[in-house]
Structures are given as structure tokens and as C-alpha cells.
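Copied from TrEMBL, the annotated features are:
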DOMAIN    47-442  domain 'Amino acid transporter transmembrane'
TRANSMEM  63-91  transmembrane segment
TRANSMEM  123-144  transmembrane segment
TRANSMEM  150-171  transmembrane segment
TRANSMEM  183-204  transmembrane segment
TRANSMEM  224-245  transmembrane segment
TRANSMEM  266-288  transmembrane segment
TRANSMEM  308-327  transmembrane segment
TRANSMEM  348-368  transmembrane segment
TRANSMEM  374-397  transmembrane segment
TRANSMEM  417-442  transmembrane segment
Amino acid sequence: MFGVKKVLDEKTALDDSNPPSFIEGKEDAVFGKVDENGPNFRDLGEWGALVLMTKSNLGLGVLALPTVFSTLGIVPGIICIVVVQSIIAYCSIIIGSFKIRHPEVYGLPDAGGVVFGRIGREFLYLVYCILLVFITASALVGLSTALNAVSAHGTCTAVFIAVAAIAGFLVGSLRTLGKVSWIGWAGIVSIVASIVTLTVGVGVQERPPLPAPQEGPWDKDLKIFGNPTFAQAMSAINIIVFSYGSTPIYFGIVSEMKEPRKYARMMVVSIKFITVLYLVIGSVVYFYCGQYIAQPALGSAGVVLKKVCYGIAIPGLLASLTIFVHVSGKNMFVRILAGSKHLQSNSVTHWATWLGCTGAATVGGYIIASAIPIFGSLISLIGAIICPLVCIIPYTLMWWHDHWRYVPVGERKGRRVFVAVINAVFFVVGVFLMAGGTYGAVVDLVNTTAVNGPWTCADNSGSV
């Protein structure tokens, strides 16, 4: 029960349940016996894990951060990014330690089951599925935008979304994250090259393209401290939180690592790299463009560089889509075949279930991406409601479960109380972000007018 404390031999939990390095042919608590007769779901190396963690959160969404600075001001914007990054990093560390203590856990819903029983498991499974289908849809929209930009709107946007969905399904159906990680490497190089090219482009141009004045003086309206309304401020902070929205995917990553103990180190490197990139790219683009940041932001350097940047970004956008389709499919796949011999085999049932799951994940994302005219505002609302629920709040309760509800042997009381206070603060922050962000997103949604209908042919890459 919730009020009962139990002594847990932490050394035994860490040493016996999950060995430092997985050995092929042994039993895994999630996948069963991993051997040559089926896919090796424990073949993800530490560097592959680093790439997947980084690429799952790093996309063209980084270019929404100049808007954060425009709303909040450069100083509050930087402070908010650092604060959110610190909270996310702490929660991500808990993912690794919780997985090691509870090796039977594959994803966030399983962790909810450990802490709160079946109700917690089913609730988090529903919430996590909603997040996955929307970030898959967002990846489809991003790739269709790039195809539109590079081809100068060569065909109907609905066709580009369908092409992106087919590509995502084909590549995302690779069965292990170890194989997907190789696509992640290309994706990171692609995205970083694209946003660096844009940053250099806005730095060397005389002024941004329209709607900035093309002759005479022009005012960037740079803000050290902004003066937003509460709704505007929360919407801006919501952008930051959503930029780390793939954090719960880390459960699946650590579950497939050869050496789960190396997860924490790789995760810290990943989040530090992402945060530095967010701060540098966001502040530099904002400094040179000010209030005239294009939407989408890759249009801020003019027509030619817009095509160049989107062209460079296509492999990175496909890599993001691949990861989201794969993780979405794996989330269903592991649940359906858990405890079955077909989970770790090459049987017809295995393949039919796996392809059915990745297909369902792709179709779900495709429908959301194509059928909702106000997709941008809706995903802001979903992000505001769900991201704190899956990126911050549960991990404070996981710590409570492992360190307060069940007390590890040898853990000092003073330290435990101090960390408990930190977790309580982060829990309250998560609830505040969810409530305030939802309010800001609803205000934005009410003020949004649908320009195009579902399955539109209109160009979604913007015009400059």
C-alpha cells in the first residue's frame, strides 16, 4: 500500500536483475531469450543510444525557439530553456535507474504499472499512444513541408504526406533500435548541417526577406525582456517543453541497450548537446531576424537558401519519422506479444504483428497529419496537456516509489528528504506547466482560423 515502507537491497536489485552487459543467448526480462533464431533486441550500443536520444528530440523544432525569445525576451527565454532542460535531465536520469531496478519494464506504461498498478499502466499507455501518434504526424508534416519547399510545390501536399508515410513505414519497420541508430547518425548530421546553414545565411544577409522592409531602415524589435500576456508566455514555454517531448522514448532505448548502465552518461551528453544547440541557434537567428522570423523558420534566409536548407534537412526529417514510427510500432508490438514465443522469433505471427503495428502507427499519424486543418494549433494543445504528463510528472512518482515507498538499504535520511523536496517541486512545476500551457494553447486554438481543409493540396512550406 501507498503508506507502507519496505527495505530494498539496492545492491542486489542493481547487480542481479540487470547485468552490466547483456550476453546473447540469455533471458531478457522483456524480450525473453535473445539468440540467433530471432532479432537481437539488445544490440544497441552506447553511441547508438546517444544518437537516438539526440535525434528523437532534435529536429527543425529548434527553429521555433527564436519565437520564444521574441515573446519572452532573450534573457527570460534563455533562463526558461536552461530550467526546462535541467528538469528534463533529472527526470531522464530516473528513467535509467528505474529500468535497472525493474528490468521487466519496457516503456512508460509499464513503469506506471509498477508504481500505481493496472490503472496507472492503462492511463499512461493511452496518454503515451496519443503523444506518439501526434509526434509521428508532426514528423510527416515536417517531411512534406521539406518536399514542398525543394520542389517549389511540385504536387499536392496530400501526396507528399502520403509519400512521407510510405517512406516512414518502410524504414521504420527495421526491427531493432540497433539498426535504426545508423539512420539516426545520418539524421543528426543532416539536421545540424541544415540549421547551421540557415544560421550562417541569416547572419550574412543584409536583412530578412518579406515581410521585413526591403528598403530603408528597419526595426528588429529585439527584446531583452518581453511583456507577454500569461497565455502568450505559457505558449512560449510550451514550445520549449515540446522540444524535449520525446523524452519518454528513452525507456525503449535503455531497454534495448547492451549495457544499460552507460545510459545515464550518454543521456547527459545528449541533453547538453541539444540545449547548447537550442541556445546558440535560437539566439543567433533571433538576433539577426528579430520580429521578422519566417514561418516556417527556414524561410528566414530567402528563397534559395530555404530550398537548400530543406534539401539538406530531408534525411534528418526522415530519420525522425523513422524513429517515431519504429517506437510507436514497438510500443504496441511488445504489449501484444509480451510473454509469447513469437516476440523473439522470425515466425509468421511475429512478422505479421510487427508490420501490422508499424503500419497502424503510420496510418494513425497520416490521418492526423492530413485530416486536421488546424494541425499546428492542435498539436500545441496536445503537447501542453501531454508533455508534462509524460516528460516530468511520472518520474517524480517513480523516485517516490523506489526511494520513499520502498527505502533502499544504506540511503541516508537527510539526503532522501532533500531529494524528496526536489521531486515535490518538480511535480508541482509539471502540473503548473500542464495547466498554464493548456490555457495558452486553448487561447491560441480559439484565435486560429482554418485556411485549408483536410487532405489539402495547398503549399505548407510558406512563402517568402
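The backbone N, Cα and C atoms fix where each Cβ goes, glycine too.
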Give me the stretch from 63-91, 123-144, 150-171, 183-204, 417-442 with the greatest number of Cβ pairs under 8 Å to the transmembrane segment (266-288).
63-91
Stretch winning on C-beta pairs under 8 A with the transmembrane segment (348-368) (pool: 63-91, 150-171, 224-245, 308-327, 417-442) is 150-171
Same-chain residues at least 6 beyond the ends of the transmembrane segment (63-91) whose Cβ lies under 8 Å from its Cβ atoms
195, 198, 221-226, 228, 232-233, 235-237, 239-241, 243-244, 247, 267-268, 271, 274-275, 278-279, 281-283, 285-286, 289-291, 293, 296-298, 391-392, 395-396, 422, 426, 429
Contact set, same chain, for the transmembrane segment (183-204): CB under 8 Å, 6 or more residues outside the stretch
48, 51-52, 54-55, 58-60, 62-63, 171, 174, 277, 281, 284-285, 288-289, 297-298, 300-302, 305, 308-310, 312-320, 322-323
Per the Cβ under 8 Å criterion, with at least 6 residues separating them from its ends, the transmembrane segment (374-397) contacts 87-88, 90-92, 94-95, 98, 108, 111-112, 115-116, 124, 127-128, 130-131, 134, 137-138, 141, 234-235, 238-239, 241-242, 244-245, 247-248, 368, 423-424, 426-427, 429-431, 433-434, 437-438, 440-442, 444-445, 448, 450
Counting only pairs 6 or more apart in sequence, are there at least 3 Cβ pairs under 8 Å between the transmembrane segment (417-442) and the transmembrane segment (123-144)?
no
Take the transmembrane segment (150-171) and find every residue of the same chain, 6 or more past its ends, with a Cβ under 8 Å from one of its Cβ atoms.
136, 139-141, 143-144, 183, 307, 310-311, 314, 318, 321-322, 324-325, 358-359, 362-363, 365-366, 369-370, 455-461
Mind checking which residues reach the transmembrane segment (308-327)? Cβ under 8 Å, same chain, six or more beyond either end.
52, 55-56, 59-60, 132, 135-136, 139-140, 142-143, 145-147, 149-150, 164, 167-169, 171-174, 177, 180, 183-184, 186-191, 193-195, 197-198, 201, 246, 249, 252, 298, 301, 358, 361-362, 365, 461
